[in-house]
């Protein structure tokens, strides 16, 4: 590869004294400051500004309704319109989970249960949210359409134990999903 | 001229093979020599060619009913009358391929036969068989315990067409049927391979299973009024290629792909069945038999298979304890070991007795012997455990290592001093008692009162019980799945135990406890213990734990045979099974 010698640009006297540039910058800053006070910041609308400048005042204001359909938030378990917990604890999500955040203890559905024919459901289902990387592989691998990544992103806790979502919490966040494949229907 | 012609003819491959009792078979284009009378499927297996199958099992008769092992077969065309066979350059006859496939499991090889396990015909028939098998198979995989080790899953991926063309309703059959205390049946998953039926009839000698109905309605059932309650029933779950028969004990416990397999041996009787321990983390989930044609074939009794839950049960001892004012207090290993060593030096040797166990490994027994010799203790014994053989795999000797104890202690009856020790304890002559791995109130015949007699009693125990309760020092040892070592089974075969899980909490490997009790600094490796032992036991000379291998080595002749193997050999000799 040929060597290209780049010549440094010749600076004029005014350019060599950088005070001029500083003053120029100062005026630009002041222009934006006044613009923001007058509510005329560029892009304030698209960025859902809270009023002053382009900044959204989190957590008073939220980005939630702007989030795309494919946003990957906290993984959760869902029930369907028949009120059946869809997870059958096949443990494929536990297997695929790259950071090993999921732990499932399978259990048997007792014979007197309305869904006894499904035979299996999780006794315990824990997702460690300090480990979860929101990759969505659990949702992708689930053969029962039972685990979905919701838009919840504010996962906080005062201790490590609080950051572990147990089965109850997962169903609480997950809620009901309608229109999923009903594999365990009356024909089954 | 005629001489040289006859030599050329004599050197044809068919003659060379015939001299050795072999035949030449072309498998996927490669000529191989296999013994005469070999099944085609076995011939393929010998040369690393896998033929998918469901119903075929080398230890069972071959009904050939699953049709999965269909392969293309070819033979040289029969010469016309008066026509001489024309050998090609390699000395073989050209193969004429048959237009229809044959099953590889029930046909035997012949000279100059050709087998193709690939190609359009074979691919197509396999796809067809898979499609038929899947007509009524439910989509249960997410809840099925067999998932992950299911032949139907594997072959469906390997040879199936991927999508179903059937739009009709699937045939309904009984699901979740309780057919026995340890086995669950799901008829919809059954592919009618009949392996379980044949196993119960031919090996377990308790023919309770059978098919009813016909065609797609064929249903596996248990004989009316009977249960699948044989002590060998869980083997049917092992050989079931699908999830039709599953174990109640392992039901929904863990998916198999999480489990780590450790090859070791069973310690519930003198047979020492070869097993695989399936673990995840530090928990044992199940035990399955491992094939060893000299010990347990492919099977094991249910009673032995399920006897592992005590390993992490509530009775398990996990920390050393010392009795203070009649109450056990947790102690450190240093403290507990020191107390026992003080007792060993303070009491005169004739007032000390050691009761070891033939459930211990050779290495541990060797160290017990050295400990006794070191202190001049003469009163050492094991506890005999004699039951009744079941005529199959369970040996009358319920101790797994009686033969090993004989070899290591160099005594014909290592338990003969037991009654003397019991008398000594009762009369008060024996003031200090060391117990290794035995609960004396069980087979040893001690009463609770006897246990309270010795002034000092220390025991290495797995589980809480009367002996641990009575001991002044309780040292928690390791269970069979937690240690390495070797044992000699009733037939004189030296076999190896491998560590599948770590001892829980403070519990320690028994040989380490014994080393510390002897007060020696080393050894640090069980291999060194074996080396030391091999120096004094001639049968183990030139051996090491790694040289024992997975299948063990015969070190002594005992004249004892395993009835199930005798039966299997007879059936093999009669040509009923491949073996």
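The backbone N, Cα and C atoms fix where each Cβ goes, and this holds for glycine too.
Database features, via TrEMBL:
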DOMAIN    A:75-107  domain '4Fe-4S ferredoxin-type'
BINDING   A:87, A:90, A:93, A:142  [4Fe-4S] cluster 1 binding site
BINDING   A:97, A:132, A:135, A:138  [4Fe-4S] cluster 2 binding site
DOMAIN    A:123-152  domain '4Fe-4S ferredoxin-type'
Hey, what's the Cβ neighbour count for residue A:142 ([4Fe-4S] cluster 1 binding site) at 10 Å?
21
Where else in the chain does the domain '4Fe-4S ferredoxin-type' (A:75-107) make close Cβ contacts, counting only residues six or more beyond its ends and a cut-off under 8 Å?
115, 118-129, 131-150, 152, 165, 167, 170-171, 173-180, 182, 184
In sequence order, what residues of the same chain, 6+ apart, have a Cβ less than 8 Å from the Cβ of residue A:132 ([4Fe-4S] cluster 2 binding site)?
A:74, A:75, A:99, A:101
At the level of the C-alpha atoms, what whole-angstrom distance separates residue A:90 ([4Fe-4S] cluster 1 binding site) and residue A:138 ([4Fe-4S] cluster 2 binding site)?
12
Sequence order please: the binding-site residues A:87, A:97, A:132, A:135, A:138, A:142 that have their Cβ under 8 Å from a chain B Cβ, otherwise just none.
none
For the domain '4Fe-4S ferredoxin-type' (A:123-152), what does DSSP give as the number of helix, strand and coil residues?
5 helix, 9 strand, 16 coil
Under DSSP, the domain '4Fe-4S ferredoxin-type' (A:75-107) has how many residues in helix, strand and coil?
5 helix, 11 strand, 17 coil
At the Cα level, what's the spacing in Å between residue A:97 ([4Fe-4S] cluster 2 binding site) and residue A:142 ([4Fe-4S] cluster 1 binding site), rounded?
11
Reported as an integer number of Å, what is the Cα distance between residue A:93 ([4Fe-4S] cluster 1 binding site) and residue A:135 ([4Fe-4S] cluster 2 binding site)?
12
If you skip the near sequence neighbours and keep only those at least six away, which residues in the chain come within under 8 angstroms of residue A:138 ([4Fe-4S] cluster 2 binding site), Cβ to Cβ?
A:75, A:93, A:96, A:97, A:102, A:147, A:149
Which Cβ among the binding-site residues (A:87, A:93, A:97, A:135) has the fewest C-beta neighbours inside 10 Å?
A:135
Please compute the mean pLDDT of the model over the domain '4Fe-4S ferredoxin-type' (A:75-107).
95
Between residue A:87 ([4Fe-4S] cluster 1 binding site) and residue A:135 ([4Fe-4S] cluster 2 binding site), the C-alpha gap once rounded to whole angstrom:
19
So how many other Cβ atoms are close to residue A:90 ([4Fe-4S] cluster 1 binding site), meaning within 10 Å of its Cβ?
23
Using the Cβ centroid of A:97, A:132, A:135, A:138 as the reference point for the [4Fe-4S] cluster 2 site, which residues of the same chain not in that list have Cβ within 8 Å?
A:75, A:93, A:96, A:98, A:99, A:101, A:102, A:127, A:133, A:134, A:136, A:137
